[in-house]
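> Have a look at this one before I ask anything.
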Amino acid sequence: MPLMGGTLRAPSLYLIIPFLHHRYPSLRLRLLGHSIKHFSSPASSTNFAVSPQRHSVEHPVGSPTKPRTKQIKPPKRNQTELVQTPLNIMNARSLDAAVKEKKAKSVKQKRREFHESPAGLLQRGLDQCSKRGNTVRALELYDSAVADGIPLSISHYNCLLYLCSLPSSPGVSNGQGDSACDVALKDPEAKFNDSEVSKMAVERGFEIYKRICEDPDVEPNEATLTSMARLAAMKGAPHLAFDLVKQMVKMGMPPKLRSYGPALYGFCDKLNVEMAHEVETHMDTHGVIPEEAELAALLRAYAIKGRAHHVYRLLHRIRTLIRQVSEPTAEIIQSWFQSDAAAAVGASKWDIQKIKQGIVQGGGGWHGQGWLGTGQWRVERSVMSEDGVCKNCREKLVCIDIDPSETEGFARSLMDLPYFKKNRYEFSRFKEWLKKNGPFDAVIDAANVGLCNQREFNFYQINSVIKRIMEVSPSKKMPLVILHARRVYDETAAAPKNRQLIESWKRANCLYYTPKGSNDDWYWLYAAVCNKCLLVTNDEMRDHLFQLLGTSFFPRWKEKHQVRMTFSHRGPTLHMPPPYSIVIQESESGSWHIPTTTGDDLETPRQWICATRETTKAVAGGITSAKSDTDNMKRRTQRFVS
């Protein structure tokens, strides 16, 4: 084979080996062996020679041309190549798996060593005490560890402080490792003074915290200071609890809602509303949103002190954050309206145009202009008709619209949740499917519909709901049916009639079955939000998944889009969203309607607190004075007679 002007086939194959070395490490020896075998074959040995010591190609023997040797630098070895097995045939994926397995073994080994160490045994003992609430036993373990010189970590200290800060400490030991519950089972007549144990736990808690501050190897965290704030509140020092929260901020620790609880409840119990308001302001400054328990404590303190302005403010804050109140909060509100302080406040004259303007600016349902009317409040429990008319005062509640931009923002925020990020590929496919086959007027949670009042999954029940939805749908289009893949391919779905229904839904492009391992709740929720349509389900959406969505927008959206259903021998009955908003409402005349969580189902109507005054009827136009119902009735009668 001539060297000049010809094609050097075999050596050219060998010249690309470095590239293959770099891209395909597992083929390195295999290609090298193939090349050596080719060059050492009888057909090629007469013309070519391969230097085993140098990766070079030499000229044919006897060639008149001066031989030239081209050096091929061996590829650089990385760390992955150095840890290969002696055979050097393990690919990169196998190597990664081996490294991960080795790391996992090392982690398990370290964890096992820690569990068997004195510090690990102490941690296990404290964890058991934490589960049982056995404070005294935990302190005994702590004293033994200090005497034995066992080094303590922040996790040990936090567990101890948590047990010391429990409201009551039932973990009284009888010297044999038994808690108070165990002792009570053995000796029913055994009695313990919980107040003395709690006092002892508080003192020991401060002692432990002093040791934490003196230990240079231990740094307190948010859990440490929160437990100390609880101990300070138990000691009757809410100021100290509030100072600990401020210390968190100085140390760069963002305080949590639980961090503010001891100081806030402590000030509210002492009716120190000035300091309670300061704690509330501190929470707002650092972005901590109170929940119903915190708002109820503030409302109770302000109501007892007769601070009408703050009661009014908190009612509107509860309206925004909570919407419907539980029974304990409802009793606090009801007690306020029945008090003399509530009867003493209120405007006797107001500008009706300003009131209407405030309602428009507030989005409806409240005006924010303060208490209207004078005199005693008439407070009763009531229910609403289907049209939203109070059966007590005959006032009609309003429907508060949702801004479309809020819905779009909520749809975008769904994709930021961990579940959507983890399954981004599947949801991207679902979004493309929705764009191709949508929009829909309704989305059906088929798993909920198919099992409603049924022992086995009923496809015909789903089909009956589909037909009923099509009857009330403006476009008469079939709704979107969301169903898990397991339901589509199980034994029930394999029945000929059920399979026929499933295939008809597929042909209509209205069935989407979620993949295995997925949660179909997120799919029908996302579809209903994006399509701005109705959602057919009896699911109350109260579990931890929907709690991730917060209490700002999702409850309002659910209230205006969820369609519930009941079934009878005549077929399904759809219960459409109410034409009014289930939220605290303040009317133009100054009356209040507060929804409670009592009776929140289809069979039992929801209870409302109806608070009205006899002198809260205003006449339209200008600045008006409040007139009583009796005077207005007399005036109408006189006009009719004349």
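For all residues, glycine too, the Cβ spot is worked out from N, Cα and C.
Pasting the relevant annotations from TrEMBL:
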COMPBIAS  42-54  compositional bias 'Polar residues'
COMPBIAS  67-76  compositional bias 'Basic residues'
DOMAIN    109-168  domain 'PROP1-like PPR'
DOMAIN    195-343  domain 'PROP1-like PPR'
DOMAIN    384-610  domain 'PRORP'
REGION    42-77  region 'Disordered'
REGION    622-642  region 'Disordered'
REPEAT    221-255  repeat 'PPR'
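Burial and contacts for the listed features, if you can.
Broken down with DSSP, the domain 'PROP1-like PPR' (109-168) shows 48 helix, 0 strand, 12 coil.
Note on the domain 'PROP1-like PPR' (195-343): mean pLDDT across this stretch is 94.
With a threshold of 8 Å between CB atoms, the same-chain residues lying at least 6 positions outside the repeat 'PPR' (221-255) that come near it are 154, 157-158, 161-162, 164-165, 167, 198, 202, 205-206, 209, 212, 261-263, 265-267, 270, 272, 275, 278-279, 282, 286, 288.
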> Looking only at the domain 'PROP1-like PPR' (195-343), how are its residues distributed among DSSP helix, strand and coil?
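The domain 'PROP1-like PPR' (195-343) comes out at 115 helix, 1 strand, 33 coil.
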